[in-house]
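Here is what TrEMBL says about this protein:
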DOMAIN    B:28-382  domain 'Luciferase-like'
BINDING   B:Asp56, B:Thr93, B:His143, B:Tyr147, B:Ser217, B:Ser218  FMN binding site
2 protein chains.
Amino acid sequence: MSRHLHLNAFVMDVGHHEAAWRLPESDPGANLDVEHFVRIAQLAEAGTLDSIFFADGPVLRGDPRFRPVERLDPTLLLAAIATRTEHIGLIATASTSYTEPYEIARRFASLDHISGGRAGWNIVTTAGDDAARNFGRDGQALHHERYERAEEFVEVALKLWDSWQDDAQLADKDAGVYADGDRIRAIEHEGAFFRVAGPLNVSRTPQGRPVLVQAGSSEDGRAFAARHAEAVFTAQRSLAEGQAFYTDLKARTRAAGRHPDAIKILPGIVPVLGATEAEARALERELDELIVPAYGLKQLSSFFGVDLSGAALDGPLPEVPAESEIEGTKSRATLVAELARRESLTVRELIGKLGGGRGHRTFAGTPEQVADTIEEWFRAGAADGFNVMPAVLPSGLERFVEHVVPILRRRGLFRHEYTGRTLREHYGLARPAHRQLEVIA
Amino acid sequence: MSRHLHLNAFVMDVGHHEAAWRLPESDPGANLDVEHFVRIAQLAEAGTLDSIFFADGPVLRGDPRFRPVERLDPTLLLAAIATRTEHIGLIATASTSYTEPYEIARRFASLDHISGGRAGWNIVTTAGDDAARNFGRDGQALHHERYERAEEFVEVALKLWDSWQDDAQLADKDAGVYADGDRIRAIEHEGAFFRVAGPLNVSRTPQGRPVLVQAGSSEDGRAFAARHAEAVFTAQRSLAEGQAFYTDLKARTRAAGRHPDAIKILPGIVPVLGATEAEARALERELDELIVPAYGLKQLSSFFGVDLSGAALDGPLPEVPAESEIEGTKSRATLVAELARRESLTVRELIGKLGGGRGHRTFAGTPEQVADTIEEWFRAGAADGFNVMPAVLPSGLERFVEHVVPILRRRGLFRHEYTGRTLREHYGLARPAHRQLEVIA
């Protein structure tokens with residue numbers, strides 16, 4: 001079987017560009033409108049994409065003065081989308097730092113049942129003191145401590161998802177026997193962070209368990225991904241960096257005892273499409289000019305965890321902390337600082353570069369050019385596919401589906417129709433076998 | 001304006017009767033099938049009912065050998081149902097003992113936005129050591145401690161729902177101003193159980209906040225309901241008991257400084273409908289005979305928190321603890337013990353009585369008879385409406401909507417069509433005014 005691209009649509013209100021809501025075409029209230037997201041999902045499905053994805057955090061992020069910041073619970077949005085679509089995979093972020101594993105295991109198992117096997121969980125540890133302060137803490141736990149908790153959290157979730165065997169239900173009406181009690185087991189987990197008895201109140205799911213996704217590229221994040229992730233979203237700005245990351249993570253996955261194909265690496269790309277390159281660049285410029293500078297400075301400050309609100313817009317990026325000193329989103333901060341240094345950007349220019357995709361790679365061009373760069377990264381061992389982050393939604397996704405997808409199909413890189421029904425089938429991932437638990441209820 | 005009945009459909013897998021899944025018409029796997037619940041919701045909407053409701057707990061409840069016990073997350077089910085219906089109110093249970101207020105406030109605010117103002121939250125403290133053991137504890141907190149936590153939990157949720165003013169969004173594209181920062185406030189809550197900074201990442205909802213529902217009838221439960229509940233689900237077996245409860249709770253609500261009409265009292269009724277009374281009784285008998293006795297004994301044991309598995313089926317109910325000694329669902333245990341004593345029931349007969357509705361009032365009869373008892377309770381000051389708990393689903397709800405609802409309409413007791421769009425409008429509840437928070441972000 002030849003290797004095929006995987007494409008995920010990363011959905012965020014009216015687009016990833018910070019100023020997308022200010023375009024004439026945009027409905028600034030769309031992020032509270034479930035039908036907006038249903039339309040986007042149906043569009044992604046019309047393009048036979050693998051999946052859609054919502055980022056998330058239990059906190060008000062961003063400055064509401066400068067852009068829409070309301071965020072509906074993505075698991076509820078995806079449940080609604082599930083019954084309005086048939087094939088598209090449905091991935092939501094949920095935090096391991098501020099929730100309980102029983103709750104999250106159950107919620108994603110429910111989504112997998114509701115969608116007939118299309119659920120994915122993007123596992124995050126949630127950086128930031130602001131989120132911690134919504135949950136009784138003064139500030140976030142240290143980076144490595146958050147990952148220790150995440151490790152045990154996933155271990156508990158895996159046990160809960162296997163607390164029912166696939167064939168536990170007998171449903172024998174005549175005998176009055178619904179399930180075989182021996183095929184449903186308590187987990188009796190006792191660890192440093194969690195004690196959870198189980199079993200789950202949701203049976204084993206169509207996919208065995210939801211697809212596990214991860215999006216941190218720090219040292220801790222890569223180690224975690226190598227052990228657990230089946231898909232990885234990552235920000236890589238150059239082909240060389242993309243290749244290095246890809247090679248490293250595949251090697252780590254092999255070292256963790258897993259087949260390198262069991263992890264799909266999907267760098268982010270913000271495609272800004274035009275019929276001509278000039279038209280694409282004009283749209284990019286139009287968007288960048290709509291960014292309010294005060295907002296950009298606030299965003300930069302949050303990347304580095306320092307106050308940059310007084311920075312001169314036309315000067316260079318001031319000194320910022322090194323990755324080792326950052327307890328937030330480590331890898332993204334490093335990436336942004338390196339970008340500014342390498343391209344000798346002023347603060348204003350850096351804000352423009354980040355406005356499109358918060359550090360992800362923006363690519364303005366024609367559909368052919370976008371297809372070319374996707375193919376180049378895919379063939380050069382930098383990507384198994386892409387996390388497509390339209391600058392403007394729904395129009396950016398519509399253009400991608402209408403104009404880029406057909407090119408990728410013609411080149412034999414992308415499916416013409418769905419051949420599977422589950423997200424695992426789209427991603428070419430095996431359904432995990434049930435692991436018998438040792439502890440008996 | 002004349003007083004009108006309110007009708008909620010309490011939805012539970014293939015019906016409230018423990019043995020409903022064994023009937024030839026029932027699909028035992030229906031409780032994992034979102035389309036089963038969508039059909040039920042659409043049926044309730046065709047009958048212009050006020051709302052549908054899912055009970056819930058973060059634990060595997062009931063014995064899987066004897067009946068379907070899987071329970072999908074009800075907030076996800078309701079989100080899916082929201083985009084497939086237009087009017088029906090959507091109420092889910094969520095526990096205050098095993099979740100965080102930021103999480104729950106956000107989830108129900110999301111459901112209220114997704115449904116255009118149809119969300120309700122049934123606030124429970126979750127009885128039982130089994131649930132506690134899924135969340136790092138050896139057993140449940142004491143009854144009154146659970147209610148103390150619930151009290152503060154609701155206080156935090158109310159603050160979060162008011163952390164955005166209704167008119168916070170300006171959406172001024174030209175000026176680049178999305179929201180007025182002064183109309184979004186942190187809550188900086190600090191209490192015995194919770195410290196929560198806020199603001200919420202979801203803006204004020206169509207209903208101002210979800211409708212608050214409560215279903216505990218103990219002393220603590222009634223006091224809590226009088227302060228917060230806008231609808232109350234309760235188990236009352238006789239008209240006299242229903243009247244006493246109704247009078248008491250309305251008086252407590254007034255004493256708490258609220259108008260008695262601001263709380264709607266909905267006793268449960270399990271209607272078992274037949275074209276004739278004999279036909280209804282035959283269906284009731286058919287269902288009761290399908291209950292596995294071992295399961296009934298297990299249910300009885302869990303009501304009282306003692307092991308009754310060895311009780312003689314044809315003897316009287318053994319000695320059970322008094323309400324004051326029970327830390328679980330206090331009021332239901334008392335009700336069951338009194339029922340057994342008053343009617344001199346054997347254990348086997350008690351199991352039959354409980355099998356239909358776990359202590360709620362089962363009423364087998366013709367549509368006229370069911371309408372008569374509903375009208376009697378409504379006019380006699382025992383109910384503002386009913387929590388309708390069909391023994392078998394969807395057929396029991398279908399019969400209720402086809403045959404009972406038209407009688408109630410002809411008698412001028414129930415709406416012929418929806419006149420409002422939100423759950424508050426259906427229940428005749430005012431949209432709460434925004435309360436300005438004192439603490440400024």
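Including glycine, each Cβ sits where the backbone N, Cα and C put it.
Cβ neighbours within 10 Å of B:Ser217 (FMN binding site), excluding its own Cβ and spanning all shown chains: 24. B:Ser217 (FMN binding site) falls outside any helix or strand according to DSSP and counts as coil. Secondary structure at B:Tyr147 (FMN binding site), as computed by DSSP, is helix.
DSSP gives B:Asp56 (FMN binding site) a coil state; it is part of no helix or strand.
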